[in-house]
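Note sheet for the following structure.
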Amino acid sequence: MSSLRLRLKYENQSAVETVEANATVGSFLDLVAAKFSLPRNSIALKFGFPPQDIPLVNSDVPLSTLVSSGQQILVLKNAATSFSTNEPAKPPIPNAATKPTFPPQTEISNPPAVSHQSKNTSQDPPYVSTPIGDIALRVMPDDNSCLFRALSKPLGFSPYELREIVANQVLSNPDIYSTAILGKPSIEYASWIRKETSWGGYIELSILSSHFGVEICSVDVKTGRVDSYNPQPATGQRTYIVYSGIHYDLAALAAVLWDTDVDVVLFDASDVTITPYVQQLASLLKNMHYYTDTASFSIRCTICGTGLVGEKDATAHALATGHTQFGEY
């Protein structure tokens, strides 16, 4: 690792900083003090959930032994724990979300008002604000692989590799993934899902969440409903995707709206405080008409040109003809 990218949050200010991998706690503290014009000896640094102190007693300790790139660091002033001698914080789970102090659940039953217009650019993605950053929509290309693209970042595999995992699981578990479940023999389904033109859905979500030991929460734009796949994940991690009827996108905790490199996309599955904000994002998208009514939308098979109405017709057409490329019209 050549450097660490960290999001700093102090009161209503935030910044993303890149520091060398061999940077010490002391040099990082100097950077924070200069960035926010704070006296060095009045600063406390915290990360994780529940928030844990970054020990500041030994300024020569490499920062990389305490935090990971992409994490958020809470900067506090005049904190009693500024120079705590408590046990060093435990290293974070790789790729897990940093979730500093959230209000109690009772305080966020009605999350803050939606923010969706950036003061910097009109091209920022839709987002809602939370106490620790913005939950932003990361839009996937509309290319029939949106589900696999949305899951590629949190799961760490390419869309092609995710399709292969699904196909192999289907073939390896014929008793679970029967013709009745798949709508076709497992061999045919495995061949079909390997194609870039084939849409993924609940079967793929079920398989991938179980395979990776991650809870996948799919939030429906039209209804706000949250469908949870693998709600007791082995890794203790959760990711959120947003479903608009025929399309999947990823919801991320964004350090910078226009920079996806430091997005947080894996969260502690035991903590539900993020969920209401993702639902609020879905509500914002609904108000923007960012959804398709799958029962009545008009769709055309782009292979043969047949006009169809609704998901039911599209599914029947795909099963009857093998055509799996559709577009709205």
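Numbers here mean position along the shown chain, with the first residue as 1.
Cβ coordinates come from backbone N, Cα and C, glycine included.
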Between the candidate ranges 218-222, 243-247, 258-262, 303-307, where does Swiss-Prot place the region 'His-loop' annotation? 243-247
Select from 140-146, 154-160, 287-293, 308-314 the stretch of residues annotated by Swiss-Prot as region 'Cys-loop'. 140-146
Looking at 193-203, 226-236, which stretch does Swiss-Prot describe as region 'Variable-loop'? 193-203
Cα-Cα distance linking H247 (active site) and D143 (active site), given in Å to the nearest integer: 9
Nonlocal neighbours by CB distance (under 8 Å) for H323 (active site), same chain, sequence gap 6 or more: C301, I303, C304, H317
